[in-house]
Amino acid sequence: MMKNGLLIIVTCGGPLLTRLYYTKGGSRIWFMSFLATAGCPIILIPLYVSFLRLSNRSHNNSETTEKAKVFVMETPLFIAYPSLSAFNAIFSFLMVKQKFTPFSINAVVLLTVGTGILALHTNGDRPAGVSKKEYVVGFMLTLIAAVLYAFLMPLVELTYKKVRQEITFTLVLEMQMVMCVASTCFCLVGMVVKGDFKAIPREAREFMIGSSLFYYTLIVVIGIVWQCFFLGAFGVVYCASSLTSGVFVSVLLPVTEVLAVVCFREKFQAKKGVALLLSLWGFVSYFSGEFKSGKKIIDSPKSPETELPPLPVSGSDVA
């Protein structure tokens, strides 16, 4: 539940904070890409706690129990993500042989249509000073990012299944740390080439809200929030599946659009309301199916193969 709650909060908070940066004077693309994974040092905190718990278990010679996986209760930045649910479902089916039910198929269709409706009014949300060509390029790049993200989650799930050791929360954190460090180093190269390190102090002085302290506080919070997003997304894959993680992220995209109306005083168009309703419908449909499937597994009678045979009774025992 903690991972799901974390994913819900940061999936909405990450895009809103990033948009706040860009609308109030920020303009560094490589810097924002860097912040998406640069918060990885905070993973050392849960890693340290996890190592301590493992050490205590080993000291007490206690047995580990298998984690139950029956069922589990991830703005304009993401405006090209209507393809996320569809591609996530396709990659889940091809890579990890995800089984689909009428409920999950209905959910994928509704989430895809719901977030697709948002794309119909993207031109109205185009920031001032951005040309149509620049907006189209940004839209296409975000579309590619959606496809890559939809591929990443099943790939992580496939890695969990193929690794030749017990999948623990510690291992999940270690994998996230490796991926984030690699991504951060790559973005650092882009920041050096584009001169971001020289531009950041000037950008902080000219930021439209507060002083330089507010600017630096904002970028630290953005880095932490995005790191929590990956932690929540990978955690849901670990506890449930990549499809479940994709459903969480997709259903929260229209929610983020509605929150943008409150935070940035955008116009609340009817399409946003329809998209939100369709996404919530798909969300309820998916977890209704998961709940029913989990209940069938719990209530199903034991097969004869799993029952212990009766003990033989000898004549001396009867006497």
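Using the three backbone atoms N, Cα and C, a Cβ is placed for every residue, glycine included.
Lifted from TrEMBL, the feature list:
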REGION    299-319  region 'Disordered'
TRANSMEM  29-49  transmembrane segment
TRANSMEM  70-91  transmembrane segment
TRANSMEM  103-123  transmembrane segment
TRANSMEM  135-155  transmembrane segment
TRANSMEM  175-193  transmembrane segment
TRANSMEM  213-237  transmembrane segment
TRANSMEM  243-264  transmembrane segment
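The stretch in closest packing with the transmembrane segment (213-237), judged by the count of Cβ pairs under 8 Å and taken from 29-49, 135-155, 175-193, 243-264, is 29-49. Simply put, out of 29-49, 135-155, 175-193, 135-155 has the most Cβ pairs sitting under 8 Å from the transmembrane segment (243-264). Note on the transmembrane segment (29-49): residues 18, 21-22, 169-170, 173-174, 176-177, 179-181, 183-184, 187-188, 190-191, 193-194, 196, 200, 219, 222-228, 230-231 of its chain, located 6 or more positions outside it, place their CB under 8 angstroms from a CB of the stretch.
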